[in-house]
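So the structure is just underneath, and the comments pick up after that.
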Amino acid sequence: MGLPGLVLLLLAAGLLRAQPTAPARSFQLDYEHDCFLRDGVPFRYVSGSIHYARVPRPAWRDRLLKMYMSGLNALQVYVPWNYHEPLPGLYNFAGDRDVEAFLDLTAELGLLVILRPGPYICAEWEMGGLPAWLLWQSDIVLRSSDPAFLAAVDSWLHVLLPKIKPRLYQNGGNIISVQVENEYGSYYACDYNYLRHLLGSFRALLGSEVLLFTTDGAQAEELRCGTLQGLYATVDFGPGSNLTEAFGAQRGVEPRGPLVNSEYYTGWLDYWGGTHASTSATQVARGLADMLRLGANVNMYMFHGGTNFAYWSGADLKAQYKPVTTSYDYDAPLSEAGDPTEKLFAIRTVISQFQPLPAGPMPPATPKYAYGQVDLRKYADLLDVLDVLSPSGPIRSQFPLTFEAIKQTHGFVLYHTQLPHDVPAPAPLSAPPHGICDRGYVMLQKEYQGTLERDGQSTLPVTGRAGDALDVLLENMGRLSFGANFSDFKGLLGNLSLDSSPLSNWLIYPLAIDAAVQQGWPHAALPQPSSRGRSGPAFYTGTFETPGIAWDTFVKFPGWSKGQLWINGFNLGRYWPRRGPQQTLFVPGSVLRVGCPNNIMVLELEGAPPSPFLLFLDQPLLNSTLSPSTWTAG
């Protein structure tokens, strides 16, 4: 008798116990009991949103640990396509963009993940996460079954989803569910063929067992266009909503299964020119408790908001263009700098009534330091360093070209021409309706004349002589991230006119400011001869040292107008104290250096104070807005 036969004989005689096979890992829907099943056992998640793209990598562990210690058993995270594929076929998953390292860290800390890989994510992120290079084909129909769009999406998913598959729960990882698209019912296209295509791609690349879902607002019309058979439909709503109505809307498309609020709003975003959003901790905690009592699964959006560094903030179109601030603090339970707030502890108390909290204290706020005043000097006017900022030189065109037409995604483009004739008396320099996207800084003979603005001032009076240099610096303030249709082209979208006569013969300079800064400019360059103290776009530089340790800090811009800040080559984002509400930018300690000077560069667009300096504080100022009547001045 062979060994297998002997084993069978002993089993039959009861002399050898059969070892139970470990149950296969699974995360499924239970339609009979209206819940999720994790490894066959009823499961409910209490989750929070965090965006790795808005948090410097050295801070990931701190933020995730604080989320875990708040009592969350899961987190929800977006993957911004444009953050990883800046140009077609050029992928970046290094450093702050290492999404695999981020996901592995969540697993190490014992958090499950609800992944939202798009391809569209909204998130108040530049173009909702879609790459601006899609608009190089000007007639493309975004978020539809347009073959050009689907081809780009498929290429991206074939790169991203194989990184995700090993980390799915059923494959031994911690990703319990994956969202397909995002709030599609709020988009005009209502293209079911597009959703079916995505469903097929996700299934092909991730397998048949992964739980796929959609999220939409709790309105019947949104759910009609945003849902598809084969994708579990969830809803999103804030603390002021009627729970019966909101979950009733979900039940309209999912009569059985778990109740899920995929975005329970703990706060809200800020727009330039508005006030800092605020939602009471009591109201947020009460709404959370009400949902948990119903047995619902809840993800809090945001649990930690972070920062729109560089040019990553998006915009909304609500009657007019509304760009999002650099801070994405969101009045969230963890502040922009990752500090626990009163709201976090109120939420933690609620969670403790429904499931046990991890043992141990909440990690404290990170230390902050007020480095004080740092004096700057003017380095150069922007018009005097075009050879550095646009090394490839200008593009000649009879009429202006958009950012997309010259393959510039973010930042700035300079448009140069000459006055065609004498203008002895003030004549209007004007842009057609919707012709400025998003702000144009006008210089005549290198003298700053003022600003043209999308949905704002579209005419400036100018005088001059034939042949005088006319320069218009165009700033992209962020592409639309939400709304009916956001093919949001940037730059001069129409021709400028002088006294109703179209201007022509343009030189168009794509500006690669960040590339120059990352190569050490201007600190590694020779000092420029001192520029005259004129206003308009100019660079300012300075240095400061940290006293032995590099701590987080916040930088204020006393007397400055609007611009962009870099420290040690890192683009910290846009400042705009004249419009507010945000008055300080968050500077993570990981950006700073110890034992050598920290290099500051500021691009001021309208006008710096006579004695330019920055003020480094140990706390943020996020809510100080000038009255709207002052906006037109600058």
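Backbone N, Cα and C define each Cβ position, glycine as well.
Taking the Cβ of GLU183 (active site, proton donor) as reference, residues of its chain lying under 8 Å away and at least six apart in sequence are, in sequence order, CYS122, THR215, ASP216, GLY217, GLU222, GLY226, ASP236, PHE482. The active site, proton donor annotation in TrEMBL covers GLU183.
Its Cβ placed at the centre, GLU263 (active site, nucleophile) has 24 other Cβ atoms within 10 Å. Per TrEMBL, active site, nucleophile is recorded for GLU263.
Per TrEMBL, domain 'Glycoside hydrolase 35 catalytic' is recorded for 36-353.
The domain 'Beta-galactosidase 1-like first all-beta' annotation in TrEMBL covers 400-511.
The predicted model assigns the domain 'Beta-galactosidase galactose-binding' (537-595) a mean pLDDT of 97. The domain 'Beta-galactosidase galactose-binding' feature in TrEMBL is assigned to 537-595.
What TrEMBL lists as signal peptide is 1-18.
Per DSSP, the secondary structure of the domain 'Beta-galactosidase galactose-binding' (537-595) breaks down as 3 helix, 27 strand, 29 coil. Under DSSP, the residues of the domain 'Beta-galactosidase 1-like first all-beta' (400-511) split into helix, strand and coil as follows: 0 helix, 58 strand, 54 coil.
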